[in-house]
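As given in Swiss-Prot:
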| type | residues | note |
| --- | --- | --- |
| TOPO_DOM | 1-24 | topological domain 'Cytoplasmic' |
| TRANSMEM | 25-45 | transmembrane segment |
| TOPO_DOM | 46-64 | topological domain 'Extracellular' |
| TRANSMEM | 65-85 | transmembrane segment |
| TOPO_DOM | 86-92 | topological domain 'Cytoplasmic' |
| TRANSMEM | 93-113 | transmembrane segment |
| TRANSMEM | 123-143 | transmembrane segment |
| TOPO_DOM | 144-152 | topological domain 'Cytoplasmic' |
| TRANSMEM | 182-202 | transmembrane segment |
| TRANSMEM | 213-233 | transmembrane segment |
| TOPO_DOM | 234-241 | topological domain 'Extracellular' |
| TRANSMEM | 242-262 | transmembrane segment |
| TOPO_DOM | 263-280 | topological domain 'Cytoplasmic' |
| TRANSMEM | 281-301 | transmembrane segment |
| TOPO_DOM | 302-313 | topological domain 'Extracellular' |
| TRANSMEM | 314-334 | transmembrane segment |
| TOPO_DOM | 335-346 | topological domain 'Cytoplasmic' |
| TRANSMEM | 347-367 | transmembrane segment |
| TOPO_DOM | 368-371 | topological domain 'Extracellular' |
| TOPO_DOM | 393-422 | topological domain 'Cytoplasmic' |
| TRANSMEM | 423-443 | transmembrane segment |
| TOPO_DOM | 444-461 | topological domain 'Extracellular' |
| TRANSMEM | 462-482 | transmembrane segment |
| TOPO_DOM | 483-503 | topological domain 'Cytoplasmic' |
Amino acid sequence: MARKPDISAVPVESAACQGPDPRRWWGLVVILAAQLLVVLDGTVVNIALPSVQRDLGMSDTSRQWVITAYTLAFGGLLLLGGRVADAFGRRRIFAVGILGFGLASLLGGAAPDPGTLFLARALQGVFAAALAPAALALINTLFTEPGERGKAFGVYGAVSGGGAAVGLLAGGLLTEYLDWRWCLYVNAPVALLALLGCRLLPRDRRTGRAVRLDLPGTLLGCGGLVAIVYAFAEAESGWGDPLVVRLLVLGVLMLVAFALVERRVQDPLLPPGVVAHRVRGGSFLVVGLPQIGLFGLFLFLTYYLQGILDYSPVLTGVAFLPLGLGIAVGSSLIAARLLPRTRPRTLIVGALLAAAAGMALLTRLEPDTPQVYLTHLLPAQILIGLGIGCMMMPAMHTATARVAPHEAGAAAAVVNSAQQVGGALGVALLNTVSTGATAAYLADHGTSPAATVDGTVHGYTVAIAFAVGVLLLTAVLAWVLIDSRTEAADETGSASVTPARPR
């Protein structure tokens, strides 16, 4: 007998227009402003992190929480955010998300200590998880004509894709010419303008369907992920440390309980059928696992460029542009043309191998490598960017193919959650690998200034080598799980479902 979910509510939907809303394009501007905040804050603090660490006195072990707190809260609550928007109204939750995001940004900018900053970043992630799915749903409501809706989603995708690059540049400019705190303060005026613009969005109206919020599933799923990430962050003291072992066991048990709960509740947060399918489950892994290396790479290269090569924050942001450009070109130009002619598995595996080759090039970094940007960093970023970009489109295609219409939103949300959660796990794990390798190097070679620099770079390269292994493992999983026979069945069985809003 199915157990009753925790909370049910009469859902509130945005009122559909009788004809095209004359203010729809202005409404899209409001939505895009909010989405830019969400995407930009995933990278804007990266460039400022060395300055943040010095100013607030963070340890090398704890610095990763500036990134992880945001991505973990965002990814872990994204599925719930869609349900909350359904229950209480998309425009209302969108406005609450913007307001909360702006206030959390002010709190982070004024943070007097690391703990306050970590809390603010987590709150940013919570409110981002509320407004992001509401934004997608509002675009569906605003644009009823298929042609206009396609254009709107195209612009939305461009902002989502370009926001990361904008964040890197903005982080460099704000840190160098103002202060790292402005990387967070800058969100407040944008959030205020978007909040005032909410009146341009469709009003919410009630419907007769009941929407149930799976709070036990949310608590178990997010709690399990937090425990595992915390264990990774504390593993510098050794994987056999009692605290680390307890956290890992707790995290695994909570995730097992989450899986059991999702099989029993009437309206699960994550429908088991979405992830039980072999190709879809493999695709979610393919989307999430590479983020371990990608997010870690942002962290280590930022410190390498500023701390070892003495790049300014602005120059650091510019130095990252080839990576973002490679992802955009790989996804929108190369993969878009190859996917109709190439099996997704073939394209995914080839792209992952290219990204692994680029990452492997970075394992040869040294403190005094001549012309290191031209000989190592630039070609590596191009390979990684093109590889990740060419991998994402076919992986998203197979992740959402043949999904039941009522589960399409959940499948799309899992794709987004996998990226954020993979990044959170990656930053925590690779930061621990790096600091552990550095500590071991210094124990063997002493702590002279030269040895400290060498040990720091050694830690980066060991962590990057670990990321290479993750990419190769992902390629193997893609080859095994996304098999040609199942792909053929998917392609002939039904058309793929376009990723919908998270539910």
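Including glycine, each Cβ sits where the backbone N, Cα and C put it.
If you look at the transmembrane segment (213-233) against the transmembrane segment (423-443), you find at least three C-beta pairs under 8 angstroms, all six or more positions apart, and that counts as contact. Scored on C-beta pairs under 8 angstroms, the neighbour of the transmembrane segment (347-367) with the top count among 65-85, 182-202, 314-334, 462-482 is 462-482. In terms of DSSP secondary structure, the topological domain 'Cytoplasmic' (86-92) contains 6 helix, 0 strand, 1 coil. Just going by CB pairs under 8 A, the stretch in 123-143, 281-301, 423-443 that sits most against the transmembrane segment (93-113) is 123-143. For the transmembrane segment (281-301), the partner stretch with the most Cβ pairs below 8 Å, chosen from 314-334, 423-443, 462-482, is 462-482. Same-chain neighbours of the topological domain 'Extracellular' (46-64): 111, 113-114, 117, 167-168, 171-172, 174-175, 179-180, 183, 233-234, 236, 298-299, 302-303, 306-307, 313, 316-317, 427-428, 431-432, 435, 438, counting only residues six or more beyond its ends whose CB sits under 8 Å from a CB of the stretch. For the topological domain 'Extracellular' (444-461), the residues of the chain that approach it from at least six positions outside its boundaries are 300, 303-304, 307-308, 362-367, 433-438, judged by C-beta separation under 8 angstroms. Taking DSSP states H, G and I as helix and E and B as strand, the topological domain 'Extracellular' (368-371) has 0 helix, 0 strand, 4 coil.
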